[in-house]
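Report on the following structure.
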Amino acid sequence: MTPPVPAPFARRSFLAGLGAIGAGALLAACSEGTSGSSDAAPAAPTPHPGPPTTGTPVRGGTLRVGVLSGGSAEVLDPAKASAWPDWPRIRALYDPLFRTVPGGIEPALAESAEAEDTAASWVFRLRRGVEWHDGRPFTADDVLYTLGLWAGEGHNYGPTAQAVIDFAGVRKLDSHTVRIPLLRPMAEFPSLTANFNALIVQDGATDFERPVGTGAFAYASFEPGRSSTFTAHRDHWGGEGRHVDELVFDSSFTDDAARANALRSGALDIVSDLSYTQAAILADDGDVVIGNSPGMAFQAFVMQVDQPPFDDVRVRQALKLLVDRPAMVSQTLAGYGTVGNDLVGKTLPHYAEDLTRERDVERARSLLREAGHEGLRLTLATNTGRVGFVEAATLFAQQAAEGGVEISVRKIDPGQWDAQRANEPLNMASWAGSASLTYFYATALGGDARNSETHWPAERGRDLLADAMGELDEAAAEEKWRAVQRQQFDEGGYIVFANRNYVDGYAPAVRGVTTDASGSTNNYDYSRAWLAS
Amino acid sequence: MTARPQLPPLARFLLARLAGGAFTLLLAATLVFLATNVLPGDIAHAVLGANATPELVASVRADLGLDEPPHRRYLDFIGGLLTGDLGNSSAALAQGNVLPVADVIGTPLRNTAVLAAITFALFVPLCLVLAGVAASRVGGTVDRLLSGGTIAAAAFPEFLVATVLISVFFDALDWLPPLAAVPEGRTPLDDPLALVMPVTTLLVLCVATGFRLVRAAAVEVLAEPYVDWARLNGVPEATVLRRYVLRNALAPAVQAFAEVARYLFGGVIVVEAVFAFPGIGGLLVRGISVNDVQQTCVIATVLAVLYWAINTLADLAVIRLVPRLRTEASR
């Protein structure tokens, strides 16, 4: 499946052990006694959009964005994008059919999408008057060509699209209308087109070293692992944008502190996906504005439900009851987050806010006793490259010990993580960027889900899920999604212990970009950015 | 009787070193190849991430030649090195792009060389002067201050020194920029002010290491009878220090300098990262983090070449400095 945008890489570093979060977690753990409460936690940082949203836009200037390096693997091709700095770059060059906004999506290259009868087929009406960077008009042929790429080999969005779209039936109805039939009804299908790997490329495009897009910025130069320069696409359909002349991405940073210093010294205007350690430091700096918003991004422990001992639902329930969630948020995310309740999709439509779980060590003990797993010993695999992962694993080991479960933490380097985690019955996950529950559940739990992290069996709840995904009636959909989430809440393999906030740093002059529930820096949409003098 | 045409001793020494060096480098390249190829996980997974289907992984592995037997890949790698073909970045190749490693490492290598050269040029005189001053006043206040200070400084990790410098000269005084990024098409020398903090950080650590070694050597020489003789013969103190003490203390000092030079090329990863300086250390780290096998192997081998060159230069310098060794080298 296509990534939802993966979680930011922590600076895996020499500094990590001494990072404020790590040290904070240690100190708090020491001072906490046995209650496991989070009394000692610092006051949680308050959500804030960041830059002011008032003022009259001024044209001109260069917007400089700092991202952590993805090295030689960085690309400008939506089909291949997977390194961290790829997302903001391709989002600047290309547009999606629908774009992510707080709580859902809004039309971008599509003007509308209508479900035909059962939502098993969709008619996309495309925006007219849109120009590619080379001056050619945007038409249905571009969409058909892009869909053709999804249907083929080697496209990162292919597996997701191929599980959903009936490619044989895709038809151009006229120059700006396309019918897309699906393999099964999906009421929130347009939200799947908001994925970054699903950005629309030009009919016949094969050269992604000098890409031509419809995006608010056009290609000028690119050096993988170093930097890129894009110039404003003055005829961008967005109209309101086009304020800055130039957009520069500097992806030469390997250390988040250096990136934060670059912002403080005025060498950068935006640092997206700031580490919480640096955010806490920058929050005290009067020359920097911090944006901080809750969203659907989550941190979770993942149990593979077909592997012992997690094939016993009581063990899964016991582990969920052992987590001290407030402590997780305050100590592994420095307060930049909210407690998770083992469900994914906070802030998205149909998310079941009322299902919440509190720690209950006694109940956990008795469940384990019933299951014959007293004195359970587990290994928890964690990725040293992800924000807060090692801290969370270490803290969970302490918390689980209070319930008689002995957890040893296995640290895995980011380069080995994707290859090795499949063999780890208890591991960790972090997602961001899903625009709907359909997107997450279809890719993570659906019958043919390729990213089935929990190994949730295809037949279990398949009908529940298909029912919910296909329901066009809002009220009925709410009920059906509740049933899906209830099942996951009770039996699923995700221990979602926290929802992590999106946190970005801005120079005081930045306008037209904020941090909201859609993702870091408006989900990397810089089309409206301008610089106050 | 006619002697066979005999090479000068120094040339013979060099030849021997070259032969030994070639063997050492082959060994180093082999070890690096083994280490990077034995690591669990592979580039295909690292680059494809969550998108890795077995088919995609297989096709990327085929593109990279990873489906070839290891001995084949090893011979290709070594053969490439010998013919000056450094190959293409594995990470870029996995993404369908061709990015010659030679192009990738050029600028970072130059940047690191600039940083190392400036630091080294400042380090040598500074170290000699401080060690000389301390050695000529052994046990005095100055000596104790310098010795104590450098022992303390040697215990500081680089990032601590760098962070302290940043908080003083950027946060508090706002005299210096906290980063030494080098924009495209520029050289580190275009913005000398930005180099002040990285160079200072490195100097602190280099001097802390070098000072003790050179001071110890100087103290030893100062206790030699010939120094007393020179003084008793009325040779001025400055001349004694320069001609007798410094000259004889230099031989051991050169080894300390070589150690510092090696550190400046291979060990500055932290300083590069903290100041966002685009050098070879950072490139090495980035390559390793995505399992960029080819790039990692080449950089490690290049560093091995540099280490060998530094060691050879240091040995040559010692031979020049110690007359006795010049004749020994010819035996």
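Glycine is treated like the rest: Cβ placed from N, Cα and C.
Residues or ranges marked as transmembrane segment in TrEMBL: B:14-35 (among others).
Taken from TrEMBL, the feature domain 'ABC transmembrane type-1' covers B:109-314.
Same-chain residues lying 6+ beyond the ends of the transmembrane segment (B:113-133) with a Cβ under 8 Å from its Cβ atoms: 142-143, 146, 187-189, 195, 198-199, 202-203, 206-207, 210-211, 214-215, 217-218, 241, 245-246, 249, 253, 256-257, 260-261, 264-265, 268, 277, 279. Per TrEMBL, transmembrane segment is recorded for B:113-133 (among others).
Feature annotation from TrEMBL assigns transmembrane segment to B:145-173 (among others). The list of residues near the transmembrane segment (B:145-173) in space but at least 6 beyond its ends in sequence, with Cβ under 8 angstroms from a Cβ of it, reads 130, 133-134, 196-198, 200-202, 204-205, 207-209, 211-212, 215, 268, 270-271, 274-275.
Annotated transmembrane segment per TrEMBL: B:193-214 (among others), in sequence order.
The feature transmembrane segment is assigned by TrEMBL to B:263-286 (among others).
Sequence annotations record features per position, and here TrEMBL assigns transmembrane segment to B:298-322 (among others). Tertiary neighbourhood of the transmembrane segment (B:298-322): same-chain residues 10, 13-14, 17, 21, 24-25, 28-29, 32, 36, 81, 86-87, 101, 105, 109, 247, 250-251, 254-255, 257-258, 261-262, 265-266, 280, 283-284, 287, 329, selected by CB-CB distance under 8 Å and a gap of 6+ residues from either end.
Counting same-chain residues at least six beyond the ends of the transmembrane segment (B:263-286), those with a Cβ under 8 angstroms from any Cβ of the stretch are 104-105, 107-109, 111-113, 115-116, 119-120, 157-159, 162-163, 166, 178-182, 188, 194, 197-198, 201-202, 205-206, 209, 292, 295-296, 299-300, 302-303, 306-307, 310.
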